[in-house]
Amino acid sequence: MEFSFLKTYNLFLLVVFFLVLVDTLALAKHEGITRHYKFNIQMQNVTRLCQTKNIVTVNGKFPGPRIIAREGDRLVIKVVNNVQYNVTIHWHGVRQLRSGWADGPAYITQCPIQRGQSYVYNFTITGQRGTLFWHAHISWLRVTLYGPIVILPKKGVAYPFPQPFKEVPILFGEWWKEDTEKIINQALQTGGAPNISDAYTINGLPGLLYNCSAKDTFKLKVKPGKTYLLRVVNAALNDELFFSIANHNLTVVEVDAIYVKPFNTKIILITPGQTTNILLKTKHFHPNATFLMSARPYATGTASFDNSTTTGILEYHQHSNNTKKSNKFPLLKPKLPIFNDTTFATSFVKKIRSLANVKYPANVPKKVDKQFFFTVGLGLNPCPKNQTCQGPNNTKLAASVNNVSFVQPNVALLQSHYFNQSKGVYTTDFPVNPPFKFNYTGNPPNNSFVISGTKVVMLPFNTSVELVMQDTSIISAESHPLHLHGFNFFVVGQGFGNYNSSKDPANFNLVDPAERNTVGVPSGGWVAIRFLADNPGVWFMHCHLEVHTSWGLKMVWMVNDGKGPKQKLPPPPADLPKC
């Protein structure tokens, strides 16, 4: 009797143990795993356009390695610096919830990693899935230091669009024959505009329209009747790009790692810092043709720009019994808009809407705690004594937000903020509105000089923010892709001319606006965004045209800790680099 009871009891324990184990494994499946990567920053000889150049790379690869994770996974990435330059890496678009120490912008959240030193970036992907990318975030090193971040949905969770046959990263970049560090340093010294690039690239390759580049052309081989997911990233330094594939329709399904209402288009527009996932449905038959995929700039300012076109080739797998070689087929080219086609740019951007359904809601802040109005644009600095400068009328070109040209500190702001050591590092008097009003998109004021300083905006935890960013015509009206670290925001409105605070809010979209981390402020216009400051830390906001960032078109939001334990920034990691 006793033996029988023990046997039953042991069986019961075994069943309970088994059920707990199954439950734990199911939980683990959804909670994510830890994935380790090692990034060795090293120099590498690379030949493009018949010229060999020593460039900065990760693990000798250009573009750099792909990072793959699932929503909920933790990433532990050890970066070892073996080059003469100071380096940091930014995980562009990752929310970094309570992990601001891993965000990466130099002198904002960390001191750079010096030669011979290393730093471990440790963060969790929370509530995000889609395409993002990583890049260097110091000087102009991101010109060759970049790669894709692919965040898959949690296991067992499907895409809200047809499952693709294959997924392909498409990374746009920019290539200079000369040393870009010398180019930007010289430009900042003289006050003039830096030299423009020599080529654009697709996955590091310029394509066959450039001299001495036919062999350096990206080829995408496809099968008929299949759906391909193209994970498109604009990692170019200074140029927004149009992209199209000859004779093929594209379906946009996601931007900046946020699903959108799918829409069909022949052409996409993508600014530096933005990502776009598109479905490409191949033809059901073997077409006796090959197809160019092309990208070329959308440029709205008066400055000179690289007006060239990068190309790749879309090629269909041929039946083995088809003896005709694909290089004998006609090469069909897509039709792209002219370089300043703002009409197309505007209509394309307006099509981007959040899914805004039960599974993927658009949590737009309906009430606003704080409103900000920022002018973004170019300006001037006076030429130092005993120097001749190459800006207009012997000045130096600059850029600003609310006429403040940001001065990079020589210690990291996040450490200063965390340890309450702001004195002599930054001030909290960043202007909420432009210091003086003028007709922002009309004739510019006589005085175009900026003021310089390391000024920040302080926000209490969980503040809901509405920010209107207004382009100005000082020097030149121009589209500015603004990127916000640490948050996604909702693009609730945009328009041309000067923002009208009494009329324009009536047309704001608070139902299904685009949710992004980078938005183009229209040339000669404005954009309104809303976000919830639910992430304690120090968060950079800047133009993603690198030349404008170098000139000072950047600022910082400081979000204070909340009251709860999960609303506070943890202490810095032990290996945080020192300045």
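Using the three backbone atoms N, Cα and C, a Cβ is placed for every residue, glycine included.
Not measured: the values here are computed from a predicted model.
Per TrEMBL, domain 'Plastocyanin-like' is recorded for 41-155, 167-318, 430-562. What TrEMBL lists as signal peptide is 1-28.
Taken through DSSP, the domain 'Plastocyanin-like' (430-562) splits into 10 helix, 60 strand, 63 coil. Across the range of the domain 'Plastocyanin-like' (41-155), the DSSP-based residue counts are 6 helix, 58 strand, 51 coil. Taking the domain 'Plastocyanin-like' (430-562) as a whole, pLDDT averages 97 in the prediction.
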